[in-house]
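Enquirer: Please read through the structure below; I'll follow up with questions.
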Amino acid sequence: MSGNANIVANILLGAPGSGKGTQAKRLVETFSLTHLSTGDILRDAVSKGTEIGLRAKAIMAEGKLVDDDTVNGLVFARLLDETSDVLFDGYPRTLQQAQALEDFLSSKGMALGSVVLVDVPQEVLEARVVGRRVCSNNACGAIYHLESKPPKQAGVCDLCGSPLKHRSDDTAEAFQSRMGEFHSTFQPLLGFYKHRPNFRSVDGNRAPELVFESLRHVFGERA
Ligand SMILES: [Zn+2]
């Protein structure tokens, strides 16, 4: 496991709700990249029962957030196994993780490729969340939006006729609290990357197809 020095690690950044995950899936297909999301790496290591995977499992079993060093260890073990370029989605999440990744890549002769932000204004993300209504029938679970996908009859599910509800996670207060936490770690992370020559920002406040066109253009520059 000495690692493949030709590996290029690309990073897709964005707030929760920015559509980053969906775009990542399309990018990896288009450019034959390996999609590395922290959740997948974690689940993979836990299922393989590696030493670090077991440590992560124990931390999660206590209901705690897996610490930076453990996440880094999991990610680096995966990178050493990779044979094609990768796209990180959800990693690095903190400045510490970004710095550790930088050190790891240079120690293995691997390169940092494109770092791309899917930029969506906070008020747009908030409107997406706050306008969301979900069917109260758990077996149905249909999701609506007051502006972009209203039900035919206000407050009633089109599919099963059950009342729609506004989840407590979807209130403006809950959203702002989550975003406050997110930005306290995200802004230092963004600061670490945003003046790099390989950093790009794309306008994520457009139809997914248009966002993807911009991303495809940015990633196509690598070739
Ligand atoms: Zn329903």
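Cβ coordinates are placed from backbone N, Cα and C, and glycine is handled just like the others.
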Enquirer: Which of Arg200, Arg206 shares the ATP site with Gly17, Ser18, Gly19, Lys20, Gly21, Thr22, Arg132, Ile143, Tyr144 per TrEMBL?
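Expert: So the ATP site in TrEMBL includes Gly17, Ser18, Gly19, Lys20, Gly21, Thr22, Arg132, Ile143, Tyr144 plus, from the candidates Arg200, Arg206, Arg206.
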Enquirer: Match it up for me: which of 37-66, 67-96 does TrEMBL list as region 'NMP'?
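Expert: TrEMBL lists region 'NMP' for residues 37-66.
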Enquirer: Going through the binding-site residues Lys64, Arg93, Cys135, Cys140, Tyr144, Cys157 in sequence order, which have a CB under 6 Å from an atom of ligand 1?
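Expert: Within range of ligand 1: Cys135, Cys140, Cys157.
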Enquirer: Using C-alpha atoms only, work out the spacing between Tyr144 (ATP binding site) and Cys157 (Zn(2+) binding site) and round it to an integer in Å.
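Expert: About 8 Å separate the Cα atoms of these two residues.
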Enquirer: Fewest other C-beta atoms within 10 angstroms of its own C-beta: which of the binding-site residues Cys157, Cys160 fits that?
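Expert: Fewest other Cβ atoms within 10 Å, among the binding-site residues Cys157, Cys160, is found for Cys160.
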Enquirer: Cys135 (Zn(2+) binding site) to Arg167 (AMP binding site): how many Å between their Cα atoms?
Expert: 10
Enquirer: Quick check on the binding-site residues: of Arg93, Arg132, Arg167, whose CB has the lowest count of neighbouring CB atoms inside 10 Å?
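Expert: Comparing Cβ neighbours within 10 Å for the binding-site residues Arg93, Arg132, Arg167, Arg167 has the fewest.
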Enquirer: Report the residues of the chain - excluding Cys135, Cys140, Cys157, Cys160 - with C-beta within 8 Å of the mean position of the site's C-beta atoms, for the recorded Zn(2+) site, in sequence order.
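Expert: After dropping the recorded site residues, what remains is Ser136, Asn137, Ala139, Gly141, Ala142, Asp158, Leu159, Gly161, Ser162, Leu164.
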